[in-house]
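One structure is given here, and the rest of the page talks about it.
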Amino acid sequence: MIKGISLRQMQVNQTGTVVSVRARGELGRRIRDMGLIPGKDIRIQGRAPLKDPVSLRIMGGTLTLRNNEADYIFVEVH
Amino acid sequence: MAITIALAGNPNSGKTTLFNALTGARQHVGNYPGVTVEKKQGICTAENQIFDIVDLPGTYSLSAYSMEEVVARDFIVNEKPAMIVNIVDGSNLERNLYLTLQFMEMGANVCIALNMMDVAGKRGVTIDVEKLSLLLGLPVVPMVARTGKGRAQLLKTVADHVGSRPAPLKISYGRDIDDTLDEMEERIRSDHFLTDQYPCRWVALKYLENDAQVLEAGKAHFSEIHEWLSAVALKLSRHLETTLDTHPEGMIADQRYGFITSILKQGVISHTLDPNRLAWSDKIDKIVTHRFLGPLIMIGVLMGLYQFTFAYSEVPVAWFENFFTWLGDRADILFADGLLKSLVVSGIIDGVGGVLGFVPLIVFMFLGISFLEDSGYLARMAFMLDRVFRMFGLHGASVMAFIVSGGIAGGCAVPGVMATRTLKSPKERLATLLTVPFMNCGAKLPVYALLVAAFFTDHRAQVMLIITLISWVGALLVAKLLRSTVIKGPATPFVMELPPYRLPTFKGLAIHTWERTWQYIRKAGTVILGISIVLWAMMTFPQLDTQPVSNENAAGMHTPVAETMDPGAAALRHSIAGRMGMAMEKVTRYAGFDWQTNIALLGGFAAKEVVVSTLGTAYSLGEVDPEDSTSLAQRLKTADGWGPITAFSLILFTIFYSPCFVAVVCIVKESGSWKWGVFSMAFNTLLALSLSIVFYQTATWMMS
């Protein structure tokens, strides 16, 4: 059972806590290098004009990722 | 003896600003051998010592996935710098320390330059510097690189700590991983497995992290131990999978962050404001990346960049051109008529002048792009356009290169190719730099103008629009084709940072612009000189025997061909280029091109403007000014075999065929291999020829 919902399903301005990152290899490492790891709070900042990619706020910085990359990140919504 | 100091840190942490502040004008830029990652180096004298400062590429970690990471890691391992100055963004401490930790795990001698203390203060972040230094066991110097605050203290600290060799940091990764690491470390130590290069525990850690570079080195040197280590790593991986539903890689990263959090929580950092509150940078983003306003603003910014680069560089470009015209005139007077004069004037001065004439344009373009990049807007553009460009196997940041190359008619592929430097993903970057030459650069416009004026008088605007659309659609489709064949591979993850908006420093912009421009002058200049001499020779030799003018009877010695043409065209026909043009007619006639056109297209390899002037010579008009081609248009209208179909076939060919040599040289330099330069010449020309032939044959068949 996967806890939380995938980051893709989150709405703009919604906040939550990352519960798991299920990506491996290069993508998984990139995501972690940027500080997207379990336990961190995030807020969806906005989406690009074509709804993809998405930008989010974490640890005082702004990150962007594509929807198909957001699929690997699970978040417990506040 | 200079002491080597490496400067390392995350992108956007202020590394370049610190590097400039430390080295000033005493720096030079090159590439790391074999890769296109920039290598910046400079000298700094302080505390009676000479420091040789190497600016490592900006990275978030040392995981050996990107070129930047490999370069940074290899430098530390192989060159063993006396110290690593790790520049850390104080307003984003938690994530920045992730890289610091990896240096410490490698056993490097690290000193932290805690930058942007002013920004941190404004964000309500207070950092207990002494406590951080104590807990990490490293010297930490607070500073503001932009204003130079803390620079002296940093240099003193570096001088004091240079040469010490701390033991590699040992982090606990939890019981399972720690036990496995101990077991692996013991075997690595006793068998001296890669120990002359790396610390023992670090090698073990890399086996658990599945690090391609270390695994490969291990396999090559000691395959037996390599197999054993891989087996141990796999066993642990399975164990973690079943018990904790995770894998070593993820767990190691999480524990590293855990280690950082535990340090920061011991009173090192305190927030008086919510770190995730909306900063003014986010408020700007609400407008700048807005669904409807965002694209409009972006079009405005691009038009502005374009105006700045191409309109304002016009005057200085004209100065350079005038200078070379003047130089040509001087040479014209100085040298006696003959081959030497022709070589100096047509070969060397015109050829080198053609390259150096671009210099003001390059300066303006890099100034504009550096501004957009340093201010943080470029990242927003990539963010907004990524979805569209991804469909064609490109990256959001590709748009800049396309626009500069002539996406809005009138750019130049040379700065366009160089602009791909802002793309960090290698495959998308290669696909971009191979397709930008399809755009309508300023040199192709006279060719289009000539043909449209001669054959599509009533539909000028429509035809120009069609040309622009064809070049865009063509470039995107070719990018897609390349990305699904020769540059195959999945899209690079788009996980990237949107840095806060910042006002770029003038010094940073100036240094950035100058170093790029100088690279262009030096590298492109030398190759182009050689190529323009070769082209000159091809259009000059072998010569027609027209010497004995003084002898009245000599007139009878003219060849029949020469009698029907003016001497310039006859000489051109007789030259190597002319013979090639005629030989090529066997194929090109299917596209509607005669030998005169072929010579013009050959000339277009040097620079596309040459197409018009060479057509002029070949059709016996003598010198033709590319800007004013009405007489040539009249001439072509009535020439044999010419009509709207031929004209459009030639337009198609001009859009797609080989980039000019300056662009090819830049492609070679940016891709790091001659292979791609040759590829772009051969592939583009073949593509252009096929399209022209298909068009010409279909159109002629439909008209008949």
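Keep in mind that glycine also has a Cβ here, set from the backbone N, Cα and C atoms.
Note: TrEMBL annotation is automatic and uncurated.
As annotated in TrEMBL, transmembrane segment covers the listed stretch B:352-372 rather than the other ranges in B:352-372, B:436-456.
Of the binding-site residues B:A21, B:V35, B:M116, B:M116 has the largest number of other Cβ atoms within 10 Å of its own Cβ. Sequence-distant neighbours of the transmembrane segment (B:292-311) (same chain, 6+ residues past either end, Cβ-Cβ under 8 Å): 361, 364-365, 368-369, 372, 377, 380-381, 384-385, 399, 403-404, 408, 410-412, 415, 442. Cα separation, B:N20 (Mg(2+) binding site) to B:N12 (GTP binding site), rounded: 14 Å. Nonlocal intrachain contacts for the transmembrane segment (B:645-666), taken as residues 6+ away from its ends with a CB within less than 8 angstroms of a stretch CB, comprise 354-355, 358, 413-414, 417-418, 437-438, 440, 443-444, 447-448, 451-452, 454-456, 467, 470-471, 474, 520, 523-524, 527-528, 531, 591-593, 597, 601, 604-608, 611, 636, 677, 680-682, 684-685, 687-689, 691-692, 695-696, 699-700, 703. Confidence annotation: the domain 'FeoB-type G' (B:2-164) carries a mean pLDDT of 91 in the model.
Taking Cβ pairs closer than 8 Å, the transmembrane segment (B:392-418) reaches residues 302-303, 305-306, 309-310, 358, 361-362, 365-366, 369, 372, 378, 381-386, 424-425, 427-429, 431-433, 435-437, 439-445, 464, 467-468, 471-472, 475-477, 479-480, 482-484, 487, 491-492, 494, 516, 520, 524, 659-660, 662-663, 666-667, 670 in its own chain, all 6 or more past its ends. Other C-beta atoms found within 10 angstroms of the C-beta of B:P57 (GTP binding site) number 23, with every protein chain shown included.
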